[in-house]
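Working notes for the structure below.
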Amino acid sequence: MASHRLLLLCLAGLVFVSEAGPTGAGESKCPLMVKVLDAVRGSPAVNVAVNVFKRAADETWEPFASGKTSESGELHGLTTEEEFVEGIYKVEIDTKSYWKALGISPFHEHAEVVFAANDSGPRRYTIAALLSPYSYSTTAVVTNPKE
């Protein structure tokens, strides 16, 4: 249990450090960013498919955005401030395809994070996931947009 807490603390620290400054042009205005790290290799998880869904009034999940992580393990540009309105969102990270591409048979099909967004006004959300073949850990950093 203590090692799990330490792992979560390290993941949160990694996300915090990565949020210290923008990593590219125009990314500071990105209201939703996903970062995926490979705990086995100690590196960014590259080319991981990410799907984002928004909960509809009838409680079903509607596709909202999708993409793949970059060489830095990050996915920016999923949405705009205008499109990312108040609501319940689900980020689904395709862990199975990632591990299969590396020749590893994983336990999980995907990792998912369901969260309420912008219920207290506009915010910036960074969802981070630390992956291994038989476990995953997620954390989020939520900040106010800079004026």
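For all residues, glycine too, the Cβ spot is worked out from N, Cα and C.
For reference, Swiss-Prot has these:
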- 1-20: signal peptide (SIGNAL)
- Cys30: sulfocysteine (MOD_RES)
- Lys35, Glu74, Ser137: L-thyroxine binding site (BINDING)
- Glu62: 4-carboxyglutamate (MOD_RES)
- Ser72: phosphoserine (MOD_RES)
- Asn118: N-linked glycosylation site (CARBOHYD)
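In terms of C-alpha distance, the listed recorded positions Glu62, Ser72, Asn118 place Ser72 closest to Lys35 (L-thyroxine binding site).
With Ser137 (L-thyroxine binding site) as the anchor, the candidate modified residues are Cys30, Glu62, Ser72, and the one with the nearest CA is Ser72. Of Cys30, Glu74, Asn118, all annotated as recorded positions, the residue with the shortest Cα distance to the residue listed as '4-carboxyglutamate' is Asn118. Within 10 Å of the C-beta of Glu62 (4-carboxyglutamate) there are 9 other C-beta atoms, taking all protein chains into account.
For Lys35 (L-thyroxine binding site), the count of additional Cβ atoms within 10 Å of its Cβ stands at 26 [all protein chains shown]. In this structure, the C-alpha atom of Glu74 (L-thyroxine binding site) lies 12 angstrom from that of the residue listed as 'sulfocysteine'.
In this structure, the C-alpha atom of Cys30 (sulfocysteine) lies 16 angstrom from that of the residue listed as 'phosphoserine'. In the three-state DSSP reading, Ser72 (phosphoserine) counts as coil.
Taking the Cα atom of each, Ser72 (phosphoserine) and Asn118 (N-linked glycosylation site) are about 26 angstrom apart.
Set side by side, the recorded positions Ser72, Glu74 differ in how many other CB atoms lie within 10 angstroms of their CB, and the most is found at Glu74.
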